[in-house]
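K.L.:
A single structure is presented below for examination.
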Amino acid sequence: MVRLKERFSLFFNNRWLVFVAAMWIQSFAGIGYLFGSISPIIKSSLNYNQKQIARLGVAKDLGDSVGFLAGTLSEILPLWAALLVGAVQNFIGYGWVWLIVTGRSPTLPLWVMCLLIFIGTNGETYFNTAALVSGVQNFPKSRGPVVGILKGFAGLGGAIMTQIYALIHSPDHASLIFMIAVGPAMVAIALMFIIRPVGGHRQVRPSDGFSFSLIYSICLILASYLMGVMLVQDLIDVSHTVTTIFTGILFVLLLIPVAIPISLTFSQETRVPSEEALLSESQKQDPGVSGHDQEIIFSEVEDEKPKDVDLLPALERQKRIAQLQAKLAQAAAEGAVRVKRRRTPHRGEDFTLMQALIKADFWIIFFSLLFGSGSGLTVIDNLGQMSQSLGYDNTHVFVSMISIWNFLGRVGGGYFSEIIVRDHAYPRHAAMAVAQVVMAFGHFFFAMGWPGAMYIGTLLVGLGYGAHWAIVPAAASELFGLKNFGALYNFLTIANPAGSLIFSGVIASSIYDSEAEKQAQQRHPGQWNGASFLSSFLAVDEPLKCEGAICFFYTSLILCGLCIVASILSMILVYRTKTVYTSLYGKSRT
């Protein structure tokens, strides 16, 4: 009985259980991806026009990305408290919207509706922050795969919740808003005490590689399965029984990963796990020096080492740096050298947000993310109009497809960037540069408007956009530390709505309306002169419709150029951080 109790204690403190629970939370955290499904309900119920719905969409994007409070609270409060705050925000925001849409509550002004959408969607930032913070702290040497998988499941959240809604089969379309308000909050509250750091660096096992392979396999199967289910349900009128079977298989696939912590804990041949070093050997504590002095001595090496050290091979460079550290430590212990106190840390150490904001590397990451992910979000927000302009009637197929490619891009971005850093000790942003070049090709296909270009462009942009959200969080934790990761990550996410606001809200919409006006002038030349033009334009609630590849030709070329600029910025960061990654990962290769 005592042994069984010990096993259960090990099970609830297993880092793989925390990881799987974080995956489940992320599976229901993709609230923002469902806005396209609930906006028609809000529009018809409240008699909104397209401009008012667009304002709600901006509020959704801001709520999805502005996570200052989530990042700050994750440093002050335990992660379960941050999850609880997110659940409360999610429930209040979308719960109130549901009451208004169904007539159970009085109609409120548009700015209040924007505020409610912002509050409800902002709950997602708490789910993301708690999942990622626990993941990178429990798997410090596998940040790429962990971040990629967790962000990937967040991208699949919309497809998963849509399938569950199909099972409910409610004739009241407003019930989807109710499910968005209640579902994520219930899952987060049910799992909030599991999501926490559990000293994962002391739980390394030889089977970890196989466990990650199993997770990756499930991710690929889940993505393929959801894609197949979407196509079947779109092309064939399936019965409720078949939908129930589809949803049951979906839940089985989501539950399979929990077999990993169960087998590690309750198998008869349970091995004692080893410890995974959080620091490289050259950074470990010297017994003759205090912890504070040791930290200063390590960072002081960057100032004291000869310039030609960085030109040496990786192994020789580490030996020279270790020798210099030992000399500094011995001199400081004997009082022969007075160790100077530094105000700011070096790359690879723990930064506060204010310290990171004065570093060029941090802003290179930010603007690379702004140009890359901002261009991708612009496509996601305009995918319906892009497909309609090229003559496709069934636009939601492309929306579903880009969600799947987004998911695979996040999982694949984490996997391949981890190969780069672990096997080659090379900066992770090299993978980011490749992803941004892939996105540039995708935008070029959109611009050309060739037959089948929508499918190819959706594939390339979806994969590249998803890769950003696996690579950037992992790279930020490596360059600026884990201690304040929540605040750093949530500041970087501001680049996403900022890019969308500029590229979609200003560039894409202006060019689209301009081309639509030209086409309207050609169709009705007499109505587009002077006052008659102004009166007819103001009288139209719906936006003008543009047809043909010209609608997004210039926009797509601009986005293509921005992705190339983003790729150049990523390669600049690669050049600047080579020595950091060599010191972090070079030792594991020898």
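Cβ from N, Cα, C; glycine included.
Remember, it's a predicted structure, so these values are computed and weren't measured experimentally.
The following feature annotations were taken from TrEMBL:
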{"type": "DOMAIN", "residues": "15-262", "note": "domain 'Nodulin-like'"}
{"type": "DOMAIN", "residues": "356-519", "note": "domain 'NFD4 C-terminal'"}
{"type": "TRANSMEM", "residues": "16-36", "note": "transmembrane segment"}
{"type": "TRANSMEM", "residues": "79-101", "note": "transmembrane segment"}
{"type": "TRANSMEM", "residues": "107-127", "note": "transmembrane segment"}
{"type": "TRANSMEM", "residues": "148-168", "note": "transmembrane segment"}
{"type": "TRANSMEM", "residues": "174-194", "note": "transmembrane segment"}
{"type": "TRANSMEM", "residues": "214-233", "note": "transmembrane segment"}
{"type": "TRANSMEM", "residues": "245-266", "note": "transmembrane segment"}
{"type": "TRANSMEM", "residues": "356-377", "note": "transmembrane segment"}
{"type": "TRANSMEM", "residues": "429-448", "note": "transmembrane segment"}
{"type": "TRANSMEM", "residues": "454-476", "note": "transmembrane segment"}
{"type": "TRANSMEM", "residues": "488-512", "note": "transmembrane segment"}
{"type": "TRANSMEM", "residues": "552-575", "note": "transmembrane segment"}
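Distances, neighbours, how buried they are, the whole picture for these features please.
P.N.:
For the domain 'Nodulin-like' (15-262), the model gives a mean pLDDT of 86.
Tertiary neighbourhood of the transmembrane segment (16-36): same-chain residues 56-57, 60-61, 63-64, 83, 90, 94, 117, 120-121, 123-124, 127-128, 130-131, 134-135, 138-139, 146, 149-151, 153-162, 176, 180, 183-184, 187-188, 191, 194-196, 198, 200, 211, 254, 257-258, 260-261, 264, 384, 396, 399, 403, selected by CB-CB distance under 8 Å and a gap of 6+ residues from either end.
If one looks beyond the transmembrane segment (79-101) by at least 6 residues along the same chain, the residues whose Cβ comes under 8 Å of a Cβ in the stretch are 25, 31, 41-42, 45-46, 63, 70, 73, 107-108, 113, 116-127, 129-130, 133-134, 174, 177-178, 180-182, 184-186, 188-189, 191-193, 195-197.
Sequence-distant contacts of the transmembrane segment (107-127) (same chain, at least 6 residues past either end, Cβ-Cβ under 8 Å): 25-26, 29-32, 35, 42, 46, 48, 52, 55-56, 58-60, 62-67, 69-70, 73, 82-83, 85-97, 100, 154, 180-181, 184-185, 188, 490, 493.
Sequence-distant contacts of the transmembrane segment (148-168) (same chain, at least 6 residues past either end, Cβ-Cβ under 8 Å): 22-23, 26-34, 37, 124, 127-128, 131-132, 135, 175-176, 179-180, 183, 215-216, 219, 222-223, 226, 229-230, 233, 243-244, 246-247, 250, 254, 400, 403-404, 406-408, 410-415, 417, 466, 469-470, 473-474.
Tertiary proximity for the transmembrane segment (214-233) is limited to same-chain residues at least six positions away from its ends with a CB under 8 Å from its CB atoms, namely 145, 149, 152, 156, 159-160, 163, 166, 243, 246, 249-250, 253-254, 256-257, 260, 397, 400-401, 404, 407-408, 411, 415.
Beyond its flanks by at least six residues, the transmembrane segment (245-266) meets 7, 10-11, 14, 16-17, 20, 23-24, 27, 160, 163-164, 166-167, 205, 207, 211, 214-215, 218, 221-222, 225-226, 229, 233, 238 of its own chain at Cβ-Cβ distances under 8 Å.
Taking Cβ pairs closer than 8 Å, the transmembrane segment (356-377) reaches residues 61, 344, 347, 429, 432, 435-436, 439, 443, 461-462, 464-465, 468-469, 472, 475-476, 479-480, 488, 491-492, 495-500, 502-504, 559, 562-563, 565-567, 569-570, 572-573, 576-577 in its own chain, all 6 or more past its ends.
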K.L.:
Would you kindly check 174-194, 429-448, 552-575 and say which stretch has the most C-beta pairs under 8 angstroms to the transmembrane segment (488-512)?
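P.N.:
The stretch I would name here is 552-575.
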K.L.:
Which bits of the chain, at least 6 residues beyond where the transmembrane segment (174-194) starts or stops, bring a Cβ under 8 A of a Cβ in it?
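P.N.:
Cβ under 8 Å, 6 or more out: 12, 17-18, 21, 24-25, 27-29, 31, 34, 37-38, 41-42, 45, 79-80, 83-84, 86-88, 90-91, 93-95, 97-98, 101-102, 120, 123-124, 127, 130, 161, 164-165, 168.
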